[in-house]
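Contents: one structure, followed by commentary.
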Amino acid sequence: MSSTVLILPGDGIGPEVMAQVRRLLDHLGGFDVREDLVGGAAYDAHGTPLTDETMAEAMAVDAVLLGAVGGPKWDTLPFADKPERGLLRLRKDMALFANLRPALVFDALAEASTLKTDLVRGLDIMIVRELTGGVYFGDPRGIEDLPNGERRGINTQVYTTHEIVRVARVAFDLARKRDSRVCSVEKANVMESGLLWREEVQALGDAEYNDVALSHMYADNCAMQLVRNPKQFDVIVTDNLFGDLLSDCAAMLTGSLGMLPSASLGAADAAGRRKALYEPVHGSAPDIAGQDKANPMACILSLSMMLRYSFDRGAEADLIEAACQDVLNAGIRTGDIVAPGMTPVGTRAMGDAVLAAMDARSGG
Ligand code: NAD
Ligand code: IPM
Ligand code: MN
């Protein structure tokens, strides 16, 4: 039985980085790959950022790989038509509540970080971001006209016990395979939803995960601690909005947003399979789109997460990660991670180099 993968390159640099992933997928073989539109590209073709047909296809395949969505061309569209809605619908309708965003510093890039080298060398943090709840999806929401002529914009931060417990469980289970430490992040000092979050995570830890060291931190402090002393963290579990912010922040520890992959996972079925979408943490980078400048590594490392989490092809995931390491060690780098004195290479040349490094490692 072949493994089905849906590729959604999206907008801006999405198609550029995904083209490199496509080459790797074809090289590995054994996948039935389909490709479709999402975001602004889907809006231009069909008048919606995600058609029902594409949604149905995403539900049917074993895994989805997404590039990036959005861009200035579509920024003034009504909310329902914005490219970002396509991505949010995929996450919500596939019930991908757990977003894993690993921030891992490759040795060769310790100097590329804006932080001091010894603060980040060897860093390995896993941010688990809740992805289908919170202020992104809470009701009521909207913009309304007030009788006094003012307007009011409304979004609602809301979490239920069930939503908190299931994502916390993912964090605890991951911690058990790592350094057995979870830091739960909210603002329990200001928000009731944050207090509930803290209470539920603590209760779950007490009941089922006594072997994992659990701590709690306010989100503002966490942002500060991430740049002060990032190695204090192992697994961070947090809500949808804080997770969005903290993962971009963690990206800079690794040298560039162009290095950070992610996996978005749903609940396991009876056979242990989860619906899954893999995407880089970065966006469509309109400032460099169409110039062969984007770093494809975040997308390539998302492919390696897919191999590991959806297909039990861990050896190939290891091979890709080792190849990325080789390429960085050889000083082959896009502009975002280039060191002084190096000449940056383009997106496609990075793809070439990763493929060549994979071949070299597998003796080919
Ligand atoms: P962005 O992540 O697109 O870009 C931020 C900065 O990082 C830019 O300077 C960009 O050039 C740089 N950058 C990002 N990825 C890079 C890569 N692979 N290689 C080299 N440099 C890279 O964020 P933004 O500018 O705030 O948003 C642009 C658009 O992308 C918006 O429409 C936004 O909604 C969308 N967006 C989409 C996603 C997604 O699809 N998952 C994520 C974030 C933002
Ligand atoms: C991300 C992005 C998305 C988010 C946007 C594009 C909807 O910033 O994946 O980090 O806010 O979740
Ligand atoms: Mn983001």
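The backbone N, Cα and C atoms fix where each Cβ goes, and this holds for glycine too.
Here TrEMBL flags 4-354 as domain 'Isopropylmalate dehydrogenase-like'. Residues annotated as NAD(+) binding site in TrEMBL: 71-84, 283-295. Annotation comment: TrEMBL describes ARG91, ARG101, ARG129, ASP220 as substrate binding site. Summarising the annotation, TrEMBL assigns site 'Important for catalysis' to TYR136, LYS187. What TrEMBL records for ASP220, ASP244, ASP248 is Mg(2+) binding site.
Annotated features taken from TrEMBL, shown on the structure.
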residue : record                         : DSSP (3 states)
GLY71   : NAD(+) binding site            : coil
PRO83   : NAD(+) binding site            : helix
ARG101  : substrate binding site         : strand
ARG129  : substrate binding site         : strand
TYR136  : site 'Important for catalysis' : helix
LYS187  : site 'Important for catalysis' : coil
ASP220  : substrate binding site         : helix
ASP244  : Mg(2+) binding site            : helix
ALA285  : NAD(+) binding site            : coil
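The Mg(2+) site, placed at the center of the C-beta atoms of ASP220, ASP244, ASP248, has further neighbours from the same chain whose C-beta lies within 8 angstroms: ALA219, ALA223, LEU241, PHE242, GLY243, LEU245, LEU246, SER247, CYS249. The Cβ of ASP75 (NAD(+) binding site) has 12 neighbouring Cβ atoms from other residues within 10 Å, across all protein chains displayed. Look at ARG91 (substrate binding site): DSSP puts it in a helix.
The Cβ of ARG129 (substrate binding site) lies under 8 Å from the Cβ of ALA98, ASN99, ARG101, THR238, ASP239, ASN240, PHE242, GLY243, ASP244, LEU246, SER247, each of these being in the same chain and 6 or more residues away along the sequence.
The average per-residue pLDDT of the prediction over the domain 'Isopropylmalate dehydrogenase-like' (4-354) is 97, rounded to a whole number. Nearest Cα neighbour of ASP75 (NAD(+) binding site) among the listed recorded positions (ARG91, TYR136, LYS187, ASP220, ASP248): TYR136.
The binding-site residues shown are PHE79, PRO83, ALA285, LYS293; of these, the one with its CA atom nearest the CA of LYS187 (site 'Important for catalysis') is PHE79. Neighbour counts were taken at the CB atom with a 10 A radius for the binding-site residues GLY71, PRO83; the maximum falls on PRO83.
Pairwise Cα distances among ARG91, ARG101, ARG129, ASP220, which the record gives as the binders of substrate, peak at 26 Å. In space, PHE79 is the closest of the binding-site residues GLY71, PHE79, PRO83, ASP220 to TYR136 (site 'Important for catalysis'), judged by Cα positions.
The binding-site residues considered are ASP220, ASP244; of these, ASP220 has the fewest other C-beta atoms within 10 angstroms of its C-beta.
Nearest Cα neighbour of PHE79 (NAD(+) binding site) among the listed binding-site residues (ARG91, ASP220, ASP248): ARG91.
Using a 10 Å radius centred on the Cβ of ALA285 (NAD(+) binding site) and all shown protein chains, the other Cβ atoms total 23.
Ligand 3 lies under 6 Å from the Cβ of ASP244, out of the binding-site residues ASP75, ARG91, ARG101, ASP220, ASP244, ALA289.
Between the C-alpha atoms of ASP248 (Mg(2+) binding site) and ALA289 (NAD(+) binding site), the distance comes to 19 Å.
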